[in-house]
Amino acid sequence: MSLEEGKDASSTPAPMEETASNATLTEPPQEETTAPAATETKPEDTTATKEAAAASPAEPAAAAAPAAVPAEKESLHAMKELQNPTAQRQMDDAGDDDEFDIAALTIEEALAKFNTTKGGLTSEEAARRLEQYGPNALPETETNKCLQFLSFMWNPLSWVMEAAAIVAIVLSNGPQPYIFPNSQWNQFDSSFDSGSPDVDGNPPPDYPDFIGIVLLLIANSCIGYYEESKAGDAVAALMDQLSPECYVKRDGEWKTLPAKDLVPGDIVTIKLGDIIPADMKVLEGEPLKIDQAGLTGESLPVTKSPGDEVYSSSVVKRGEIDCMVHATGINTFFGKAANLVGSTEEHGHLQQVLSAIGLFCMSYIGLWIVIVVIVTPSAYTWYYRGIINVVLVLLIGGIPIAMPTVLSVTMALGVNELAKMDAIVTRITAVEEMAGMDVLCSDKTGTLTLNQLTVDTPSCCGEFTPSEVIRSAALAAKREGDPDAIDKCIAEAAVAQGLNFDEWEETHFFPFDPVGKRTQATLKHKTEDNRVYVVSKGAPQVMIDLAWNADEIRAEQEKQIDDFALRGLRAIGVAEKHGEDGKWEFMGLIPLLDPPRHDTKQTIDEAQRLGVSVKMITGDQVAIGKETARRLAMGVNFHNAKILRSEFVEGIPIVDIVEEADGFGEVFPEDKYRCVEILRHSKRGPFGGNHVVGMTGDGVNDAPALKAADVGIAVADATDAARAASDMVLLTPGLNVIIHAIIGSRKIFQRMKNYAMYACATTVRIVTTFGLLCVAFQFSFPPFMVLIIAYLNDGTILTISKDNASPSPTPDAWRLKEIFSIGANIGIWLTLSTVVFFIVIIYTDFFDTVAPKMPELMVKDDPICYFYESTTAQSWGAANGFAECAAGSISDACTAVLRAAHSAMSPDLRYAPENDCLSAYQATYGNNDIGRRLNAVIYLQVSITGQLVIFSTRSRTFFFQGAPPSPWLMGAVALAQLVATFLVVYADWPFTAIAPIGWGWAGIIWVWSIIWFLPVDIVKITTLWILYGNPWKAASQQRLMLSMAVNGGASHLGSRAGSRKAPNSRAYARASAARAAARASRR
C-alpha cells in the first residue's frame, strides 16, 4: 500500500495519512540466539567470566552463539497467514490496497512513512492519532448481561432446584395418602380440607412450591449478579493501577505515559525488564536481547539490532534502546493472534472445592431420597404425591443453592480488602494459596532492607584515590530516566565530592544486565582534548576478572570483599581504561551499606508465629546475607546457591539442606527457580503435604521463579515482566505488607471455610431431620415452609462475605475431611434437637404441664380423637352397621371408624392404620389446626437452630472466643428470625399448612433451641480432637490472631510471646518444634 511521503521528515510531524501496519507483515530477519549457558557469568567460573568480559557487556560470549532458530520465522509466518486483511489497516481512510514491508525500510524511511521524527510526536498529533486508531489495547470481550445473569442458574446445584420446580408443577398431581375423598369421613370434621380436589379426589399441581422455587432461583441470581458485578468493578479498578506504563517522547521531552495511549509514530525507549507495549522498529543504539517465547514459542532470546522489529508482549532481557511504534492494539502480531484464538476459561482450585462440597450435599440428599422412596410405600403404603412432597422438602432444604455466589463474592470482596493493604491480587484464586503459604523466599534488598544505600569509604587498588574510584563509578552509572538505587547513591556521592557531569560527554552506555553483572560507559572529557575513557562498575568478581592483572590482585581484593561482607557491606567493583583499545585497570571497591528495615525483625518473628518460614534469597555474598540474617535473628544457616545445582551435597539430599537453610547467597535466577521447585515437591509441608511456597522478586530474570511459586509476589517498583509473572503485586516496599496480606488472606479464606462448613451442616440437618421424621413417624413437612427457610437463610448467609473473621494461627487449607466431619456431626446434633422436640410434643404432656394455657399440640387432644372418645362415634358406628364400635373401647372405636373409611375409599387409596388415635391423626395430617400448628412449631425450631449454628462455625473453639460477628451478620440473623417468629405467631395461611401458635409456644421454642445450641461447640471441638488432637491449645492461638486482627494486623504481634508451633496438628507441631530446635542449635 502506498503511503504519502512526509514532505519534511525533519520538521514537526504532519498528520499521518496512512500507517505502516498496512504494510505486508513479513517475517523478521533471521536473528542470532544465544544459549543461556553461553551468556551467564557465574562466580565460580572465572575463566568464562574473564573471556566474556573482554567483549562488550551487552554481548558476552557472542562467539558461542548458535545458528539462527527457524522456529521464530515459522511461527510469525503462520500468524501472518491467519491475519484478517481488513485488520491490517489501522487507518480507517486507507485509500488503496497496496502494501509495503516495514522490515525492508531503513530507519529514515520508516520515520518518513509515519510522518514522525526522533523527537517524537506533538501532543496534539498524538491525540488525533489516538482518536483515529483507538487505544493501544486489545478489545475487551463484552459479557452478555442476560447470559451473565442466567449463568447463576446454570450449575449443578441450580439444576437440582430446577428439577424440583418441575417436580412440583408436573409430577405432584395425584391423591395424597392422608386425604379420604369419596368417603363419609369428611362429613364429621370440616377441617379435613383436601385442597379443592377434583372429582377423583386429586389435588391440583403444587403452584405455591413451583412459584417459590422459581422466585428463589431468580432472587439468588439477582443477588449474585449484583454482588459479582460490584466486586468485579472493584477488582477492575484495582487492576487499572497495574496498567503498564512506558517512556515516550512527546513534544521533544521524555514522559511516562500509560501504554494504552501509544499511537503509531511514537518514539519509545525500552529497557531491561520491560514488556514491549506495541510492535516497533528499533532505532539507533546497541543491540538488545528480546525474549519472544510468548509469541513464537522459542525459549532462547533473540538479538535485535537497529532497523529490526520488536513485537508486542515480548520481554527485554538485556539492553536499552529507542524504538518507533508502527502498530498498536489489535493490529500487532500479538493482537491478531489473541483475537483469533479468543479467550479460554480457567477452572481454579475453588471450582474443584465447590464441586466436592456440592457432590457431598447431593450424595447425602440422594441417599435419603432413596430411603424415603423405598420405606414409605412399603411400610406405610404412602402414595406418590405424599412421597414427592417429602422429596421436595429434601431437595429444597438440602441444596446449598447460594454457595457459588457466597464463595465467589467473598473472594472478590476480600481481594478489595487486600488492595487496601497495598497488595493487589492479579489472580483471584491466589488468595487461597496465600492463606496456606508456609514458606516465603524473600529478596534481601528492598524487602528485608531499606534499599536506601549509602557509600562508605572506598578501598582503592594501586595508586587510585577514593574520589577517583567514586568518580569513575558515577560516570558508569545510568543518568537519564529512572536510575536504580546503586546508581543514584553513587552519583550523589560523586556530586558531593565535586564531580561535574557537564564536563563529560557520554558516547555509549551499556546498562546493567543480570548476566554480565556490570554497566559500562564510553565518555569524552571535554577539557582534556576529548580524551576517551571507558569506565565500568559491577559485581566485584566480574570487575577483578576484567583487569589485565587479575591474578595478581585477586587474593588481596577478595580478602577486602570478605572484610566488607563481615560488616554487612555490599561491595561494588570499579574499573577503567584509556581509549577503546586500552587495558582495564581495576580501581577499587566501593562499599555500600543497606540497613535492615526497622520493623523487619519484628515482622519475621510474626511470620514465624503464623507458621511461615522466611528464607532469604540474595545475589549478595553469603557473608553479607549471613550478617544481615544475624541482625534480623533469622538464623545463620546460609549456603552458596551453587549447591542448588546438585541433587546431593556430601551425601546429604539437597531437599534436606534446603529445608533447614535460612537463606542462600550469590543466587542466580535459575537458582531461585530451583529452590522453589525443591520446596514445592518436598512432601514436608503442613499435614504431610507439599509446602505452599511464596517467592518475592522484582526483575525480569525473577519471572520463572515467580511463575513457578504457588504465590509469586512482585515487590514495589518491580519490572513489568515480574509483575506479569506474579500473582500479587505490592505497592509498598517491605516484608510487613506481605505479612498483612497473609493475615488478610487467612481471614478471607476463613470466611469461605466457615460458610462451607455451615452449608454442609445445614444440608445434613435438614435432610436427616425431615427424612427421619418421615420414615420413623410418618411426618410430612410442607415444602413451602422449607422454601421460607431457604429464603431467610440465603439472605442471611450472604452477609458472611463481610463478616469479621479470626485468621487461622497456622497455614490454612480447605481440608474437606474436616469440613465434612464437623458439618455432618453438627447437622446430626441439630437433627436430634428437633426429633426429641417432636417426640415430647406428640407423645407426652410435658408442655401442657409447663404452660397449660397454650394451644394444644398433643394428638390425643385432636378433635378427631375427641370424636372417637364420645358416644357419638359409637352411636354413629352402630347406626351404620359398624359392629366394632359397639365393643366399647376407644381404641376399637378408632379402628372401626378407620376401617369404615378404608372400605369406602377407592381401591387404589389403601391405608393400613395402627390401633391408636395417632394413626387417625396421621391419616389427616396437616389438614386441621393441630397439624398446622405442629408444622409451625417445627418450622420455627429448625429455623432458629439452623441460623444460630452460623455463630459456631465461625470459630474453631467456642463461639464467644472468636472475632465478634459483624453488624451485617448480626442484623441479618436477627431480622430473619424476627420474621420467622412473627410468621408462626400470627400467620394463618392455609396454603402454607401452618396455623398461629401464639407467643407462648414461640418462647418455648426459643428456649429449647438455645439450650440445644450451646453444646454444638462441644460437638465441633470433639470432632477436631478426633481429627487433629488436642484443640484447646488453638484457643489461645486464635485469641492471639483475633488480637492481631483487631489491632490493625501484624504489627500487634511484635510484643506478644507465644509458641511457634502449629496448634491444629500433632505432626505439624512436632515438625515446627524440630525446626526451631535445629535453628537454636545452629545459633
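The backbone N, Cα and C atoms fix where each Cβ goes, and this holds for glycine too.
Keep in mind that what you see is a predicted model, and the values were worked out from it rather than measured.
The feature compositional bias 'Low complexity' is assigned by TrEMBL to 23-40 (among others).
Taken from TrEMBL, the feature compositional bias 'Low complexity' applies to 49-70 (among others).
According to TrEMBL, the feature compositional bias 'Low complexity' maps to 1065-1083 (among others).
For 101-173, the entry in TrEMBL reads domain 'Cation-transporting P-type ATPase N-terminal'.
Residues annotated as region 'Disordered' in TrEMBL: 1-74 (among others).
For 1054-1083 (among others), the entry in TrEMBL reads region 'Disordered'.
The transmembrane segment annotation in TrEMBL covers 353-375 (among others).
Taken from TrEMBL, the feature transmembrane segment applies to 387-413 (among others).
TrEMBL lists 822-844 (among others) with the feature transmembrane segment.
What TrEMBL lists as transmembrane segment is 936-955 (among others).
According to TrEMBL, the feature transmembrane segment maps to 967-987 (among others).
Marked as transmembrane segment by TrEMBL: 993-1014 (among others).
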Request  = May I ask which of the stretches 353-375, 936-955, 967-987 has the most CB pairs under 8 A with the transmembrane segment (822-844)?
outcome  = 936-955
Inquiry  = Should anything in the same chain at least six residues away from the transmembrane segment (967-987) have a Cβ under 8 Å from its Cβ atoms, list it; otherwise answer none.
reply    = 788, 792-793, 795-796, 798-800, 802-803, 936-937, 939-940, 943-944, 947-948, 950, 994, 996-999, 1001-1002, 1006
Inquiry  = For the domain 'Cation-transporting P-type ATPase N-terminal' (101-173), report the average pLDDT of the model, please.
reply    = 82
Task = Report, as numbers and ranges, which residues of the same chain sit near the transmembrane segment (387-413): CB under 8 Å and 6 or more residues beyond its ends.
result = 152, 155, 157-158, 160-161, 163-164, 167-168, 171-172, 176, 206, 209, 213, 216-217, 220, 223-224, 227-228, 231-232, 234-235, 350, 354, 357-358, 361-362, 364-365, 368-369, 372-373, 376-377, 428-429, 431, 748, 751-752, 755-756, 759, 762-763, 766-767, 770-771, 774, 780-783, 786-787, 789-790, 793-794, 797-798, 800-802
Query = For the domain 'Cation-transporting P-type ATPase N-terminal' (101-173), DSSP counts of helix, strand and coil?
reply = 46 helix, 2 strand, 25 coil
